[in-house]
Amino acid sequence: MNAHTRPADPAKLIKGATGDWEIIIGMEIHAQVSSKSKLFSGASTEFGGEPNDHVSLVDAAMPGMLPVINAECVAQAVRSGLGLKAEINLTSVFDRKNYFYPDLPQGYQISQYKSPIVGEGEVIVDMLDGSRFTVGIERLHLEQDAGKSLHDQHPTMSFVDLNRSGVALMEIVSRPDLRSADEAKAYVTKLRTILRYLGTCDGDMEKGSLRADVNVSVRRPGEPLGTRCEIKNVNSIRFIGQAIEYEARRQVDILEDGGVIDQETRLFDAGKGETRSMRSKEEAHDYRYFPDPDLLPLELEEAYVEELKRGLPELPDEKKARFVESFGLSSYDAAVLVAERETADFFEAVVAKSDGGARDGKAVANWVINELFGRLNKEGLAVTASPVSAAQLGAIIDLIGEDVISGKIAKDLFEIVWSEGGDPRQIVEDRGMKQVTDTGAIEQAIDAIIAANPDKVEQVKAKPTMLGWFVGQVMKSTGGKANPQAVNALLKAKLGIE
Amino acid sequence: MTDLTDLTLTEARDGLLSKRFSATELTKAHIAAVEAARSLNAFVLETPEHALDQAAASDARIARGEAGPLEGIPLGVKDLFATKGVRTTACSKILGNFVPSYESTVTSQLWRDGAVMLGKLNNDEFAMGSSNETSAFGPVVNPWRREGSNLQLVPGGSSGGSAAAVAARLCLGATATDTGGSIRQPAAFTGTVGIKPTYGRCSRWGTVAFASSLDQAGPIAKTVRDCAVLLTSMSGHDPKDSTSANVRVPDFAAAVARGVKGLKIGIPKEYRVEGMPAEIADLWQAGQDWLKSEGATIVDITLPHTKYALPAYYIVAPAEASSNLARYDGVRYGLRVPGQNIVEMYEKTRAAGFGPEVRRRIMIGTYVLSAGYYDAYYLRAQKIRTLIKRDFETVFQAGVDAILTPATPSAAFGLAEMQTASPVEMYLNDVFTVTVNMAGLPGIAVPAGKDGQGLPLGLQLIGRPFDEETLFAAGQVIESAAGRFVPPQAWWA
């Protein structure tokens, strides 16, 4: 699927004064490689630290210093490529991208220009409405990050922090296959999920581990591509959506006023929610790319790639399919669970019984998604920090399944475990939370209620839906512990409704 | 006792080990020679205290019987090599008083083997030049003069300080670097021996880069054997340099006396350039005769792409240089000329810091890499490079063991004599040497005779990749036949 073959979806068009417009979006994602040391030096990649704490002689571009490729970064790039179902190029070349900037010590960035390590691949994106589309990946290449210029430390000077200088980035270039801000956001979310599954990028956008350059253009449906603008360095998924919406509207307004779009690089101002011009095509750098003579071409062996492939974890698409297949989950529930590897792992840990058996996947999904996630979100906690462990949640679900407690009591039990901890089964025992299935005890309660409410007995015979009132009364008198099915059945028999 | 500075490195080593003199005595003699020869401007920084400390340590090791292969040998270091705690400038104003916190791999191996550093040697700024006249410290004067003339001559470049210091007996050997002929041409101009080893033989780590794909370190010394001893110490795989070759380093000195019997020596017809002076042609013939009389076979060969080497070199080398020198921006070290904004700071710093020849090459390099010109220049030059490499491979595959050529088109010329010439005329000095860098091969320059005015002339031998041993063997045959060339008197002292 690409810009020319994907038909315009009327639902995604934006309305202009003169008719509908289609938005075409392509993205370049910069994902920081998870590695201990930098792409070409032994300096630490640790986030934070005092400025210039993690800087080697190579990172500072001292005279005579030479880059040496970090094998782990190469492996991470290959893993990422495999995760994107992409072609791995057994020979790739590092080039120098030349430009002057104070936070670029070498005066060039080592990147891959003509021969990237990873070629074409794809990402399948599921939308909340159940629709799905495929985004073509054009390439993934390795490159160095730059340092950071600090302009707020001195009245007339700028300071430079080289801690990030030389950190490995993967630039992942998509085809212009995206058609709306929502699609773009869903794509980045999915890409982030895949990289986090692979362990090749932590996806922490707040720390700058994932940044997007967003290319936006608009056109009349069916017409050739319009002139695009590139919005640089957008660092949150929400901002990506805002930037696209603003930029598409800006372009439509210009075109409808009879203007033309200038191909340019723009910046997104998160404060104002707008994009503004950074530099025009004429001001664009001539990067004078050429192969870095300090580095030999990177040659990989087929066996090496195969080895990495064997070590890959199950990826979200496969995991989702398995959840649907093996546990009978809805596609939606499965998608929610696999969005993070940790939640999928938690779900599977709840499903697995200690005796090797399995709990009912649907029931588990229900509890994990509705109760657990609901509670975690409320407290702003990650699933890995959940106060209720998988084993505890599994025990709660078992108690429901065994008719020991009702669903309602289970929620109370969940609260107790959440705040106090402990073995759920023991808590039920100690606090007398067991469900009453003893029909004698329930009958007694029913008889008492029938005796005390002759008027209601009359009414229910005329209007069977009144049964709910009786159920409520019985539950109340049994402290919620009566088995609701038993209550229902007995009430119907005693009141003589079918 | 003979003057200690007249000894060759090998003789001095023998003298030290047999305790005829101490490393301290040997070092003091050379320090005195260095001080007396300041008019040659070969050294840009003298480090006598450092040298005497090292010499004392060497004497102690010799006394303990722990002498390394270069124990107590006083050397000079081209200012392109980073020396820990010792100012390193590449003879450019842009590095100012830069003092590295690290030692280049090549020099660290020399100190590991016991050598003594007398100081840092002059060179063309960032090794860009063929006469040592582009140095920020001013030109080096060749210890050789034309017979009956007091005219000052250039020592060649870019390793002019290294060649002049060795020729003037200021040190027993020197480190040098060669990107297009910067070891071999000055060696030829000063009657010394210089070898550029195979690309990848010596680590480039810690050596200021000129053109990364062409730069190689190597020694300049008084004799072929001395060069072999030095190269053995300087060579070896270095994981810090991705282009360093992981190949065995032989004891090169062991190959020196091997002879040339049965070797096939190629004579490339393309090196018989138009207007070649008769004395150069005669010297070339003499070289062939000496090798033949020692049992080598002389064969005519063709290297058809030779004529494209120089123009291609002057695209590839400046292209890489323009990028390699981008780091000298006034931000982190070296010279900074303040400006109203960052662009102005860059412009003022680089305009003040780089000399005219370096600026010229940065501009050429920037131009040939520019969008729209890359394919026409850089890419084509790289294709030519492949063809040049293939020319050599074809010849070696046909059984040729080494190739004999003149080292330079002429003897040393006068200081400032080329000032009015176009840069291209200066670049022609490299015509016989650049092909070797373009192909990554080893090449040695050995003095072989004198021109009509009594100036030394050199021959060049080119070898197979990583076969420096054959070059030492054949070089020794030439040295034995031609004799050594020492400046007649220390007129500078």
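Easy rule for this one: first residue shown is 1, then count along the chain.
Cβ atoms here come from the backbone N, Cα and C positions, even for glycine.
Features of the protein shown, as given by TrEMBL:
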ACT_SITE  B:K78  active site, charge relay system
ACT_SITE  B:S158  active site, charge relay system
ACT_SITE  B:S182  active site, acyl-ester intermediate
DOMAIN    B:25-471  domain 'Amidase'
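Positions of the features from TrEMBL, shown on the structure.
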residue	record	DSSP (3 states)
B:K78	active site, charge relay system	strand
B:S158	active site, charge relay system	coil
B:S182	active site, acyl-ester intermediate	coil
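Taking the C-alpha positions, the distance from B:S158 (active site, charge relay system) to B:K78 (active site, charge relay system) comes to 10 Å.
It is 11 Å from the Cα atom of the residue listed as 'active site, acyl-ester intermediate' to that of B:K78 (active site, charge relay system). Listed in sequence order, B:K120, B:L121, B:N123, B:S159, B:G161, B:S162, B:A174, B:T175, B:A176, B:T177 are the same-chain residues at least 6 apart in sequence whose CB falls under 8 Å from the CB of B:K78 (active site, charge relay system). Summed and averaged per residue, pLDDT over the domain 'Amidase' (B:25-471) gives 97. Counting every protein chain shown, the number of other Cβ atoms lying within 10 Å of the Cβ of B:S182 (active site, acyl-ester intermediate) is 37.
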